[in-house]
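Data block below; observations after.
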Amino acid sequence: MEMNIALLPGDGIGPEVIAQAVKVVNAVAKKFGHTITFKEAITGAAAIDAVGNPYPDATHEVCLASDAVLFGAIGDPRFDNDPSAKVRPEQGLLEMRKKLGLFSNVRPTFTFPSLLHKSPLKKERIEGTDLVFLRELTGGIYFGEPRGRNEQGTKAFDTCVYSVEEIERLARMGFEFAMKRRKLLTCVDKANVLATSRLWRETVQRLAPEYPEVTVEYEFVDAVAMRLVQWPKAYDVLITENLFGDILTDEASVISGSMGLMPSASLGLKTKLFEPIHGSYPQAAGKDIANPLAAVLSASMMFEYAFDLMDEANIISEVVNLSLEKGIVTEDLSEGEKAYKTSEVGDWLAEQIAKM
Ligand code: IPM
Ligand code: MN
């Protein structure tokens, strides 16, 4: 297959971890006879520095013209500590999601057999956890109008808005995911308080009869926050609005033991995007110490969701598991044993794929 992949390394550790994902993608392509063309483009603080815009039109064109986007991270402490900054790197991320129509952010949480002891939760509670969040990504309070301040600057407001159409397309994707998995769908909302949540619940209830094999549960977001750490195995597919999803997926990501491990896919109307969920981790930038596995597993999700190539996706998960078993890991996971550099882990994974 011929594949055009846009590379958006972004800020912080983004470039380092994306470089390892590229090594792995190239190794997979070689093994399975695919031809891959990468095209790199700028985003985030790097793009603000270069052209004053965190998601330049030229970058958007590269994404639109590609079959998939591999994205690193966005964010820079120079902007976090300056509340008066007019342009922020994060705006680029939001604009990219909106312009590419990426309405569904797929964030899985699963455990790695060799890392169960790294979880902050007890082994018996987490062993075998396998859930996936579908976080709505282009609506809700992140985008709703009006937003801002009153004239005196003494009040600030954000607006949460959802249309039936926005809820329905995300919910349908949730039902489809559930059909391919354990057929359990949890609608996460705050329908006891919020009008938007009541519309979510109503919409999901209307769709449910179309998917009679799927068991649907409705659960308030505060209860889910609690049950996720008590018994994460209770969940299969969870659908939720943008802000609830932002918060709960960070919570869920540490179940596996390190935030440096969880990948994500953003799906929607145009080019699909794949991204580690760990963010830019500026303290580690340029040191060759960041864990590249979330980026590498995002490349695995790319083969699955952008190209429907399961063997290619699976070989990446296998080799990642092997690196964890053999201790070919960065310092966040090395536990006093030898810590490998980011680049060494990438090299090892690529070599291993060639041998398999
Ligand atoms: C994420 C991030 C972003 C979000 C930030 C950087 C805008 O936290 O992808 O979860 O809130 O969506
Ligand atoms: Mn987040």
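Glycine residues also receive a Cβ, built from the backbone N, Cα and C atoms like all the rest.
Here is what TrEMBL records for this protein:
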BINDING   Arg97, Arg107, Arg135, Asp222  substrate binding site
BINDING   Asp222, Asp246, Asp250  Mg(2+) binding site
DOMAIN    4-349  domain 'Isopropylmalate dehydrogenase-like'
SITE      Tyr142  site 'Important for catalysis'
SITE      Lys190  site 'Important for catalysis'
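Structure coloured by features recorded in TrEMBL.
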residue	record	Cβ contacts under 8 Å, 6 or more apart
Arg97	substrate binding site	Leu137, Thr138, Ser266
Arg107	substrate binding site	Val132, Phe133, Arg135, Gly245, Thr249, Ala252, Ser253, Met262, Ser264, Ile277
Tyr142	site 'Important for catalysis'	Leu94, Asn242, Leu243
Lys190	site 'Important for catalysis'	Ser197, Phe220, Val221, Asp222, Phe244
Asp246	Mg(2+) binding site	Arg135
Asp250	Mg(2+) binding site	Met259, Ile277
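Checked against ligand 1, the recorded positions Arg97, Arg135, Tyr142, Asp246, Asp250 give Asp246 as the ones with a Cβ under 6 Å from it, listed in sequence order.
The Cβ of Asp222 (substrate binding site) has 12 other Cβ atoms within 10 Å, all protein chains considered.
Cβ-based neighbour count (10 Å, all protein chains) for Arg135 (substrate binding site) stands at 26. Selection of the binding-site residues Arg97, Arg107, Arg135, Asp246 by a Cβ distance under 6 Å from ligand 2 yields, in sequence order, Asp246. Under DSSP, Tyr142 (site 'Important for catalysis') is assigned to a helix (H, G or I) in the three-state scheme.
For the recorded site, Asp246 (Mg(2+) binding site), the DSSP three-state label reads helix. Same-chain residues with CB within 8 A of the center of the Asp222, Asp246, Asp250 CB atoms, the Mg(2+) site residues themselves not counted, are Val221, Ala225, Leu243, Phe244, Gly245, Ile247, Leu248, Thr249, Glu251. Annotation note: Arg107 (substrate binding site) sits in a strand segment as assigned by DSSP.
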